[in-house]
Amino acid sequence: MCGIVAYLGEQEACPIVLKGLKRLEYRGYDSAGVALIHQNNLSVFKKKGKVTDLEKHLADKAITGSIGMGHTRWATHGEPNDINAHPHFSSDSRLALIHNGIIENYATIRQELMHKGHQFLGQTDSEVLVHFIEQIQKENQCSLFEAVRIALNEVVGAYAIVVMSADDPNQLLAARKSSPLVIGIGKDQKEFWLASDATPIIEYTNEVVYLDDHQIAILQKGSMEIKDISNVPTTPYIQYLDLTLDAIEKGGFDSFMLKEIFEQPESVHNCLRGRLIAEKGHLQLGGINKYIDRLLYAKRIIILGCGTSWHAGLVAEYIFEELARIPVEVEYASEFRYRNPIIYPDDAVIAISQSGETADTLAAIELAKSKGATIFGVCNVVGSSIARATHEGAYTHAGPEIGVASTKAFTAQVTVLLMMALMIAKKRQNVAEAQFSELLYELESIPEKIAKTLKINEEIEKIAHIYQHSSNMIYLGRGYNFPVALEGALKLKEISYIHAEGYPAAEMKHGPIALIDEEMPVVFIAIKDNSYEKVVSNIQEVKARKGRVIAIVNEGDNLISSMADHVIEIPATYDVLTPLLTVIPLQLLAYHIAVLRGCNVDQPRNLAKSVTVE
Ligand code: G6P
């Protein structure tokens with residue numbers, strides 16, 4: 001989704017803003033722009049395409065100024081082109097605005113403004129907002145802050161905005177509702193950075209303020225004021241960010257995605273650290289404490305998420321029902337919120353989100369909360385909107401995930417959900433002491449097994465060479481690994497643009513089998529769990545129809561080796577933990593196929609890392 005960066009201080013703003021925009025490229029975008037103030041002159045430069053296209057456009061321009069802002073746009077209203085790119089000017093070009101989100105009532109406001117003589121260059125809702133602020137300031141002869149405040153009281157929708165004015169050349173105004181915005185604070189408040197997430201900020205400062213909904217920040221050299229849109233001042237809560245620059249750089253890998261796949265032994269380890277000590281039989285999620293009884297005695301658990309997080313939720317359904325013996329429903333947040341769901345006050349809701357900013361998940365949480373349910377979050381981004389909207393939660397501690405296709409977030413989410421389920425199972429006495437202890441030991445050793453699984457990388461690359469030109473692929477798995485089949489198919493389509501379908505292996509007979517011929521690669525998750533024999537039969541059914549089988553098997557599986565075209569061997573583990581290993585080869589397969597097809601794996605077309613609009 002769109003990215004916002006802004007700077008106010010002593011240094012040249014443009015290089016800081018451009019570097020920040022590059023750090024936000026991972027979010028997905030189609031055009032970029034900057035605005036700068038120099039000696040009371042406000043200039044805007046914008047271009048369709050990448051930040052490097054914008055840089056080329058700026059190369060021969062004399063740009064200077066110690067206050068500036070930049071934007072990467074992911075088109076919602078109006079096609080991606082130079083005009084619709086942000087920043088947008090007011091009619092008199094004295095005001096400029098950047099915006100993330102959607103102003104839902106923009107058409108009505110646009111109409112009214114046109115009656116008052118405003119002309120619009122593009123089709124965006126954001127351009128309407130800056131004209132609206134201009135009009136309010138003119139009509140009320142008020143300060144820019146007041147005009148922004150009045151405008152935000154009128155608009156319906158979601159926004160994170162930054163506004164600059166040639167008439168207030170030492171000031172940045174920023175506001176948010178349902179779209180994230182972080183303020184980085186320099187020494188003695190002499191400098192400020194603003195961004196959609198902390199990645200453009202952490203190389204300068206670790207002190208940040210996450211703006212809350214309906215808040216407006218007024219930043220000037222030496223001062224930061226935050227008021228809400230009713231004009232009530234609030235005391236900013238300054239947090240210390242525990243992030244390093246290494247965490248958001250590629251560290252020698254060709255792409256963030258590959259780095260993140262290979263980080264999984266460490267990210268899962270970090271997720272377990274301090275929470276699970278098998279030797280002492282210790283398992284504790286510090287963030288789930290006050291409301292634990294609501295989870296323990298819940299009649300039903302509803303799991304909400306989108307994309308990969310929804311897949312982690314599906315895995316959790318199997319895990320919770322098996323270990324905790326509580327009925328679970330897994331819902332796409334976007335469907336749940338629009339279908340008048342039945343929610344009881346004794347329901348526990350688990351909301352899963354890597355970014356903690358997905359608009360649909362956030363809205364679904366608010367809906368469940370309004371019906372009295374208790375909400376637990378499983379988020380990766382500390383301080384994110386979802387983390388703050390839930391009653392309690394456990395962070396995944398996977399570190400920043402920059403590649404658009406989610407990898408290490410998935411394994412960390414499953415790890416947290418496993419710990420939650422085991423905690424409940426133990427407290428509800430659904431699991432025997434010995435089994436509980438064995439599972440703790442095995443979960444503790446999973447990072448090592450992930451590291452071992454990653455050794456198959458080169459073999460997978462060879463398989464990818466064979467199937468790189470496929471136009472379709474099917475992924476099949478059962479039980480805990482049915483959601484992993486969905487996740488494998490999602491990874492492939494996201495980054496290689498090959499059409500792929502995930503199915504429960506037994507369902508193949510009810511449809512997908514019609515697709516199978518000698519051209520169709522079928523990826524089976526065929527490990528030795530309780531459905532092994534059934535999956536072996538499914539493999540035979542595919543081979544009988546001349547399909548090409550790539551099977552993920554346990555080490556030393558001679559039976560499947562004799563049937564499949566290719567086998568990928570992974571270590572054995574308990575059934576309930578298998579998704580943490582089986583997903584790894586599927587991530588690598590998608591990665592290598594996409595690279596061989598010349599695709600940009602970190603920034604796949606049309607996708608956004610965090611979808612902050614409906
Ligand atoms: C987008 C991303 C996916 C992600 C989904 C949910 O579609 O491209 O990778 O799984 O959003 O995001 P969340 O941050 O809520 O986990």
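Sequential numbering from 1, following the chain as shown.
Note: Cβ is positioned from N, Cα and C throughout, glycine not excepted.
For Cys2, the entry in TrEMBL reads active site, nucleophile. TrEMBL lists 2-222 with the feature domain 'Glutamine amidotransferase type-2'. The domain 'SIS' annotation in TrEMBL covers 291-430, 463-604. Summarising the annotation, TrEMBL assigns active site, for Fru-6P isomerization activity to Lys609.
Note: the CA-CA distance between the residue listed as 'active site, for Fru-6P isomerization activity' and the residue listed as 'active site, nucleophile' rounds to 10 Å. Across the domain 'Glutamine amidotransferase type-2' (2-222), mean pLDDT in this model comes to 94.
Note on the active-site residues Cys2, Lys609: the fewest other CB atoms within 10 A surround the CB of Lys609. Note on the domain 'SIS' (463-604): DSSP counts are 71 helix, 29 strand, 42 coil.
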